Amino acid sequence: MSLAAESTSGSARSLRLTALTKEFATFTAVRSLDLEVPAGTFFALLGPSGCGKTTTLRMVAGLDTPTSGTIHLGQDEITYQKPYRRPVNTVFQNYALFPHLNIHDNVAFGLRRRGVKDVDRQVQEMLALVELEAQARKKPTQMSGGQQQRVALARALINRPEVLLLDEPLGALDLKLRRGMQIELKRIQTEVGLTFVHVTHDQEEAMTMADTIAVMNGGVIEQMGSPAELYENPRTTFVANFLGQTNLMPGTVAGADSDVVRVDMHGTQVSIPADRAHTREGSGWVGIRPEKVLLAPEGEPIDAPGNHMTGGVITDVSFVGVSTQYLVRMPWGQELMAFEQNTGRRAVLAHGTKVDVSWRPEFAFLLPATQDVNAGAVEEA
Amino acid sequence: MNGVQRLGRWIGDHLVLFGGLLVVAYMFTPIAVVMLMSFNDNSRSRNIYAFRGFTLDNWTNVCGPNGMCEAVARSVGIGLAATIAATILGTLAAFALVRHSFVGRSAMNTLIFLPMASPEIVMGSSLLALFVATGNSGRLGLVTIFIAHVMFCLSFVVVTVKARLAGLDRNLEQAAMDLYASEAVTFWKVTFPLVLPGIAAAALLSFSLSFDDFIITNLNAGQTVTFPMFVWGVAQRGVPMQVNVIGTIMFLISLLIVVGNMLATRRKPAAA
Amino acid sequence: MTGRKLTGYWLILPAALWLGLFFAIPFYSLLANSLYDPEGSVLTGYHVSYRFANFADAIRDSGPELWRSLWYAGLATAICLVLGYVLAYAIAFKAGKWRNLMLVLVIAPFFTSFLVRTLSWKLILADDGFIVDTLRFVHILGEDGRLLATPVAVIAGLVYNFLPFMVLPLYASLEKIDGRLVEAAGDLYASPLRGFLKVTLPLSMPGVVAGTLLTFIPAAGDYINAQLLGSPNQRMVGNVIQDLYTDTGDFAAAGALSVTLMVIIVAAVLVYIRRAGTEELL
């Protein structure tokens, strides 16, 4: 068992899921999932509820048994290993703190089960890390949600698991506390250098913390990559809609070469870089993020050489402080979103103003028309 | 809002509470009388229907009435034995019903519900019929009382423990398994301590049901006399005031347990 | 079959055996009793003669007691429902910080001997007691009117003894009701009374059903209250059965009467549950 020795010596191992499938009586939660999480990364599984992300997490923890497929930690297969034999710990969605034990005993639970010496000192150190040293003798019910969350984290982290699983760990916290905990979690992960696998339905949370995000939908991974990659160059309408907001406009491919794909949109030709065009023929959806859309009153110059469309009318103006969000009705009837920073360069445009619309070609992307234009859009919280 | 309306509102808001307090008073009047009568000086009169004067004699000479303390001791013994047996059997059954699937589970649920929905007189006669039919009519006594008491306590134990167990968050056990506790360790470190209050409540209920039972016991006791049977016997002739002392002691002990338990469970969330 | 699958059977087995042997099978013995030849006695022994006439005899001989039991138990249950509802409602919605104390007060009588408490009612309702004196003074009772040995005393005793069985299930179902639902009803133009009738009451129906059953069934079989607080004119079916066993040793009649009582109760409960069930849907 040289591999076990390797794990205790602290050299981290990657987590690998191969063709992992989980079928329940009436539906398939996870379909032949392949995934590799490199050691030491902060990995997020992002998706709407029911997409299979929690089931995936529970299979890694050993709380659910896969129907087929394997789970490896480095070279060791752990697919059917009991949860208490895996070097994997979980921060549960509602924390699952033991109500009959105080904070100290909750955090010490895992160490005591493994017969570790020196439990008290380690617990104190861990409580110091999450800034709860003074609360060690309290019962979980006496603590606030944020404090409970940190106890749950400490209780899992103290075991120095090779993989720490976090199941919607911030879901029960209010928005302000959640922001603070996101930064805290990221700091702790960097500090301890463990592999974190984080399950969430909150795209902002995933993008804030994770090095790599896998977007899950209907039991499969739609796309995986860094937050910027997913946001800037989504490969499916689901990813485009689920991560932030997006404008998807119908168009027909007019021609393609090695660098760009040209698309005809209601008479106007726009070009899309070849590496952002996920179809090269037929019809498709031209995507552009609202903050990349530039506006100018009709006929005035827009300082961006790019795709230019005329004939828009502003139908809604929402001033939200840092930016102004416009809805612009285009000649073909569709309303486009356009977000403009409030730099003060220009007064807010009034409802009904006729405008021209433009964007830089390198920001646009092209998706096949076979995909559902509304996929992933309803979930927005 | 004028004064009349305000008064009307106040009455409306508090009417139900007043009604509730009146009902509580109704429930407590007899207990107050029991407590009062435990200090009744009844030495000069056989008439128990009046308070004759204050005395501590009933308390200092509790075991005065012939056979009463023996009956109390017998009832306590039966109560403890039946409670232990019913609590163990009922707890096991509750785990089976909540945590395991087996053929006949819904039939079992019905079988457990039925004793609670049967009149005592019918259960008592049935059991007597069984004992007579199996030729045990001569052996009625402690054992048959024990059998009967375990039988009717069992359902209450199952229901009480089941409720506690069903309310237990399964995530807690999964969290324990995730934190290196094997199935057995998880049970003893997490499941059992969390179900324990339910088991304790069930045991308390069992004991009081057993201690208090008259109708079923009376049919299956043979010559054995339990405390309720003693009270029944003296009720025909003239009740010694010491009976009220026993009633008062029981009330105080149970109040102590219930209040103590309430304070213990309330302290934790109250500080949150 | 795996070990895990067998665990359930092992856990349920002791309880199942106990209830089977000492609850279910005795019913069979009781049924056999009810078909005994009535000529038998403790001394000469009994034998099953399939004498169904035992039932006719039982109903003929004890019809008044049977009828009185159902009538008293029904009335006591109705009074318990009203009193219990008021109390449970007060605890659930009006008691505030006194809620736990009031709950303890409801549970506490449970733990004090049933017989001793019933005897104390005998004291309270005594002929020269405070209540009788007062009622005589305001001429509700006549000059030498009394409460003891009247149906009033027996029913009051039944109400008293089984009230906790009504209050606890009612409280359990009332407590679960979200107070905002009643507020929402008020917001939607329901008067407090209509809000109660249309929201609170229907939602508390499970408690009402459980409470009435837990009160009615034991009350119908009870004979302690009739014996201690009543006179021979208030004898209930329980008294008759008890006497048939202990005084006359007439197992056949006792069995037949027990079975009759059980059948009537089961039928009443089934009809009641069915009706209550449909009302709940309205």
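Just so you know, glycine gets a Cβ as well, placed from its N, Cα and C.
According to TrEMBL, the protein has these features:
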type	residues	note
TRANSMEM	C:7-28	transmembrane segment
TRANSMEM	C:70-93	transmembrane segment
TRANSMEM	C:100-120	transmembrane segment
TRANSMEM	C:152-174	transmembrane segment
TRANSMEM	C:195-217	transmembrane segment
TRANSMEM	C:251-273	transmembrane segment
With an 8 Å cut-off on Cβ pairs and a sequence gap of 6 or more, do the transmembrane segment (C:70-93) and the transmembrane segment (C:7-28) reach 3 or more such pairs? no
Determine which recorded stretch among C:7-28, C:152-174, C:195-217 has the most C-beta pairs below 8 angstroms with the transmembrane segment (C:251-273). C:195-217
List, by number or range, the same-chain residues at least 6 past the transmembrane segment (C:195-217) whose CB is under 8 A from its CB atoms? 73-74, 76-77, 80-81, 84-85, 88-89, 162-163, 165-174, 176-177, 181-182, 185-186, 265, 268-269, 272-273, 276, 279-280, 282
Other same-chain positions with a Cβ less than 8 Å from the transmembrane segment (C:100-120) and lying at least 6 residues past its termini are 87, 90-91, 157, 160-161, 164, 167-168, 171, 224-225, 228-229
